[in-house]
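As recorded in TrEMBL, the features of this protein are as follows:
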DOMAIN    1-182  domain 'G-protein coupled receptors family 1 profile'
TRANSMEM  38-58  transmembrane segment
TRANSMEM  78-101  transmembrane segment
TRANSMEM  126-153  transmembrane segment
TRANSMEM  165-185  transmembrane segment
Amino acid sequence: GIVSLISLAVLSYERYCTMTGMTEADTTNYRKTWTGIVLSWMYSLVWTAPPLFGWSSYGPEGPGTTCSVNWHSKDINNASYIICLFIFCLVIPFVIIVYSYGKLLCAIRQVSGISKGTGRTREQRVLIMVLVMVICFLLCWLPYATVALIATFGKPGLITPAASIIPSILAKSSTVYNPIIYVFLNKQVSKML
């Protein structure tokens with residue numbers, strides 16, 4: 001799940017850099033692509049390994065069919081890890097996504113002002129893709145983060161195993177939705193299919 005979140009942030013920033021001309025799109029050089037993938041996995045590993053070394057712990061989630069961070073432990077060790085996960089694996093990637101796509105939309109809007117016809121259509125297409133990606137990001141991850149924070153900081157037993165199933169499934173299935181959104185809303189990709 002964290003790899004998915006970080007990959008979305010890296011993808012949004014890379015797309016912003018490519019579209020605004022900060023870096024050139026080179027379809028023959030995969031070095032930047034591999035660097036983004038490796039950095040996404042390394043960052044994710046940094047934030048998922050601590051429970052293996054004693055900072056929080058992993059355990060059954062919801063009805064006991066999946067494994068996740070131990071959201072229900074109330075000790076400071078666990079609470080500090082949950083706060084760090086929330087900030088570094090949800091808030092920061094979300095800020096990067098919003099910043100990158102916001103700047104990309106501003107750049108497209110400036111170009112659209114110069115060339116009216118195709119620029120306006122492109123702006124609308126990118127705007128729709130950005131809105132869909134951000135809304136899906138929030139729909140997938142915000143309920144899960146909210147349930148985790150309530151389970152960690154709320155009254156014990158407030159989040160029942162049954163209540164945590166849907167947010168968990170939404171968050172874990174986000175890896176399926178993102179490629180579908182990207183393929184169907186990206187004109188360059190859909191032309192290749």
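Numbering starts at 1 and runs along the chain as it is shown here.
Each residue, glycine too, has its Cβ placed from N, Cα and C.
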I'm a bit unsure how to read this: which one of 38-58, 126-153, 165-185 has the highest number of Cβ pairs shorter than 8 Å with the transmembrane segment (78-101)? 126-153
Lying 6 or more residues past either end of the transmembrane segment (165-185) yet within Cβ distance under 8 Å of it, the residues of that chain are 1, 4-5, 7-8, 11, 61-63, 66, 68, 125, 128-129, 132-133, 136-137, 139-141, 143-144, 146-147, 193
Cβ under 8 Å, sequence separation of at least 6 from the ends of the transmembrane segment (126-153): give me the contacting residues as numbers and ranges. 5, 8, 12, 69, 71-74, 78-79, 82, 86, 90, 94, 97-98, 101, 104-105, 108, 159, 163-164, 166-168, 170-171, 173-174, 177-178, 181-182, 185-186
